[in-house]
Amino acid sequence: MMENWPKKPEGSQWTDDQWKAVVANGRDILVAAAAGSGKTAVLVERIIKKIINEENPVDVDRLLVVTFTNAAAQEMKNRIGEALEKVLIDEPGSQHVRKQLSLLNKASISTIHSFCLQVIRGYYYMLDVDPRFRIANQTENELLKEEVLDDILEEEYGIEDNTIFFELVDRYTSDRSDDDLQRMILALHTESRAHPNPEKWLDKLVEAYDVEGKTIEDLVYASYLLEDVKFQLETAEQHIRKATELAMLPDGPAPRVETLQADLALLGTLSSAARESWTSVYEAMQNVSWQTLKRIKKSDYNEDIVKQVDSLRNKAKDEVKKLQEELFSRRPESFLRDFQDMHPVLEKLVQLVKVFTGRFQAMKRDKGMVDFTDLEHFCLQILSEQSEDGEMKPSAVALQYRNKFAEVLVDEYQDTNFVQESIIKFVTKDSESEGNLFMVGDVKQSIYRFRLAEPGLFLGKYKRFTQEGLGGGMKIDLAKNFRSRHEVLAGTNFIFKQIMGEEVGEIDYDADAELKLGASYPEGEDVAAELLCIQQTEEEVIDGEEGAEVEKAQLEARLMAQRIKAMVDSGYEVYDRKTDSMRPVQYRDFVILLRSMPWAPQIMEELKLQGIPVYADLATGYFEATEVNIMMNVFRVIDNPMQDIPLAAVLRSPIVGLNDEELATLRAHGKKGSFYEVMSSFLKGAPLEEEKELHDKLEWFYNLLQGWREFARQQSLSDLIWKVYGETGYYDFVGGLPAGKQRQANLRVLYDRARQYEATSFRGLFRFLRFIERILERGDDMGTARALGEQEDVVRIMTIHKSKGLEFPVVFVAGLGRRFNTQDLMKRFLLHKDFGFGSQFIDPRKRIKYTTLSQLAIKRKMKMELIAEEMRVLYVALTRAKEKLILIGTVKDANKEMEKWLDAREHSEWLLPDHIRAGASCYLDWIAPSLYRHRDSEMLLELGQGSIPDEIYGYDTSWKVEVVDGNTLLAPEPVQEEKQELLEALREKKAVPLESERKEEVYDRLMWKYGYEEATSHRAKQSVTEIKRNYQSEEGSDNAFIKKLRAPIRTRPRFMEKKGLTYAERGTAVHAVMQHVDLKKPVTVEVLQEQIAGMVNKELLTFEQAEEIAIEKVISFFDSDLGKRVLAAKSVEREVPFTMMLAAEEAYQDWQGESGESILVQGVIDCMIEEEDGITLIDFKTDTIEGKFPGGFDQAKPILEVRYKVQLSLYAKALEKSLQHPVKEKCLYFFDGNHVIKVEE
């Protein structure tokens, strides 16, 4: 069949594997697309090829394209639309292509949840759901769960003779609460919903504990743990073999060899038993007896080698001892008794889960709401039916979808779960060898297991499919990376060839998995990857684990700040693809990646102290923001004014403005009773003269409070919030404070949160406050409102998960010495998709508890899955870098850690030993041992190549490996003693005796005159608009322009002035619409109204600005000849920022300084279009023309042309410099009157 596929066009940019992925057909296809391999482009091209296929074209609505996010779906649609429009340019008469463009908006290109929603909306009558259902808010969902669970448990507690339930409570709850039991029920419910048949999965949990008539050999847990026993015995054998090699060295302790050989024989016996059965190992473990080491005279042998030999032998013995204590200290039948004893308790637990699921579903149904797991299960319910043997098979609806979809394409397939896989299976053909399923993903980037994604689905098909597709599915590897420099790729490959394998890591990092260079970069300086290992400071300044973490974060932040400043200040260059040239690095080119965000605030603080602009999208801190805290206290007081702390906080806040003395005076009027009662009593009496001001403040607030309380009983919560904002003036007040925009954004988020809350099934201020409290109790604080644009020139801090799919020129991966989060392994109960439920055996009567076989097996399985997931997270982090990769980690004792890491140097194979990889507790435990086997670490180690093979030691990668002393990072700047004394004297306003040698210096400083006086009256940095005004100015004095720009003195603060959009604000709003209007859609009133509403939702426009937009004027532009040219242009760029150097005499007409001086000019070009014959520059103007010029536009035209000529000339100059192409035409477009002026030089 392969010869029927279209051949790759000559001169095509596609690689052979990419082309194969574009055109391969006739079977299920799995594309393993490495990071930066262009998978989205391949996916789009495949869709386009199917749509415009000459022999058998497929309508776009006969394709189901499943993406991971809504943003990805929209991007996919946009790319397909752009590609179809290009085809239409070449084939303007093609009705088929026009039809596809019209079908595109209706096409099934969406997330799996959107597809499920589409199915449910179409076939809701097959389900017991209200067709008007809504998607539940996450917090509302959690509150409903708690409500349902509380009711169920209350009923259970009220049942007499409920013996098994109370046994369950005794075993899994504390004396104080049954929170642990609730957590178990909710966890089992959540895990079960990740399976196509939740009840069946729950039943299997119970069946696993029914061991009647079984031996330990029949248990899946024992079979799995035996594999772990073999693994640990093999590790012990490796230690003994290594010890034997050392003992046999010329100056090694040769008398130890005989004992070590006996140890190997003992371990061999245990390993043989492990290959037989659990019982065999148990019996062998009871007979373990280690020989006593023969005494030797240590002075006869190399002392270091003797120590190494004895240490390795002790490690081996510890491995066996651990097995004896954990697994073989109890007889096999006692493990079976655990299962028998726990079986009825687990049965009751599962029954509670089923009752909970039923009640929870019923409550959601009554409230007309569904959650995201419901979407999947309802869709699956519609697409499946039960066969005679009890298995699921496609329903009639599923068969309709099978007939409809010519192909199903799944992006990010590695993040699919079992339920989603079942849905996909029911709408695609059964046979893999004749299938129509196309899957794209990279299992090495599967990092969402915590969301119940199942990378095993991808891995199973990758192992099963072949590259030829013979007899089954086909797999295609896209290994070429078009993102990164060779140094980044080679560095990543070097690490992962050593740490990622099937046994530990779930994936073989073989030749097919390796990243291959696909990008072309100019030669760069200092592009080697780096590992900077910080030795923590020895000073015991900070106690405790939390304090140590703070210090580590500060050390790493200080080092990163130094590196960033050095790179920016030195003009470190990165490649700019748009201009195809190297340019100086900017702050926006840097990203700091962290596994999680606890360190982010400290890192931000340190970078800010160093003068580095930085941004992190923190998931906490919202409710801690002062303005939010104050408002929440206002609402608490409205709900219940008898609460002293919230009321005192409001009275002390800027809203009322009492000081400490006034608050004390109020309390003195009534030492008993609440603050509210005292305030009411105080206001009833006649105030003393000195208390008049206090009385007025309280009376004003008291009256407002009564009005709010009445309003809250009758009106909506969101209206109440806005009323409070307005009547207190607090919203305007915070706008006038530092970071005012951020503060106002935070208050708007509170308002929006209230509106979202009112869209749920809950109502009222009291429930809203409880709703917020539950959010905080669960630690679900939100981040502060976003007040930063994507293009801001700042260093970004984000989690590795957030960075997936992104790329940055310079990447710092920090916190590599932080321990992996293993808290899930420490829980009282464990859940696993395959092994079910595991917990300690707890006997409340005897007050004993001990580990069970199921708990040990699940813990081991989860640990290995965690290790594999962390490897994939590290892979994602390293592959974000385009040009420079810098890895940073902190250790407490570098010498001790290096001694541990150096064990890897004795290993001669690429893949490090399993025990090193599985025993890692942080990323450095993988990275450092890998790099210590490379020649570039020799500057640090000075150990030579030793036994490391040439292909590893001399691998083609460049690294800088360095240990940094933390003391040098935290050392304060030296201060001269003399200078310090002078400062102290000045602070105390003492006369300072002037030494004779200082007299001349003081005189020179006092009499000094600046040599560039001219430059002080002219700015070194100007905007184009300011230069335009300068040219218009008729005043001739040197300082006239600058004086003219000074803000006028206002009689009232701006935030207290009466609001109303200025001409400038209206102009800004129009420009915002012109920037964001979708040129791919028809420009109609309805479309524009929808887009403007979307801009308001995204906070790109305010409500007031949106109301001021004259939509008909925007449409008039696009109906004009110039507007039609914009719609038809090859490319359109809008709101293009630029910076350029300009001779001072060009910017300032009055310049009299040196002729070589330059100034920095900044501006933003409204619109530039590229047409076949060149570039046209367009500037939009909202000047009022009609009625302002008696002679109409004819009189206005020459005036306006002169007014804006300089501005457009500078824009054109900037474009010509950056694009290296002349600007053929410069146009002014005036919305008032729909006028166009072509500006000539």
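Note that Cβ sites are derived from N, Cα and C of the backbone, with glycine treated the same way.
Database features, via Swiss-Prot:
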- Ala33, Ala34, Ala35, Gly36, Ser37, Gly38, Lys39, Thr40: ATP binding site (BINDING)
- 12-485: domain 'UvrD-like helicase ATP-binding' (DOMAIN)
- 505-805: domain 'UvrD-like helicase C-terminal' (DOMAIN)
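Where Swiss-Prot records a feature, it is marked here on the structure.
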{"residue": "Ala33", "record": "ATP binding site", "Cβ within 10 Å": "28"}
{"residue": "Ala34", "record": "ATP binding site", "Cβ within 10 Å": "25"}
{"residue": "Ala35", "record": "ATP binding site", "Cβ within 10 Å": "23"}
{"residue": "Gly36", "record": "ATP binding site", "Cβ within 10 Å": "21"}
{"residue": "Ser37", "record": "ATP binding site", "Cβ within 10 Å": "27"}
{"residue": "Gly38", "record": "ATP binding site", "Cβ within 10 Å": "22"}
{"residue": "Lys39", "record": "ATP binding site", "Cβ within 10 Å": "21"}
{"residue": "Thr40", "record": "ATP binding site", "Cβ within 10 Å": "17"}
Look up Ala33 (ATP binding site) in the DSSP assignment and report helix, strand or coil. strand
Cβ-centroid neighbours of ATP site Ala33, Ala34, Ala35, Gly36, Ser37, Gly38, Lys39, Thr40, 8 Å, sequence order: Val42, Asp442, Leu478, Asn481, Phe482
Considering every residue in the domain 'UvrD-like helicase C-terminal' (505-805), what is the mean pLDDT value? 85
In three-state DSSP terms, Gly38 (ATP binding site) is classed as coil
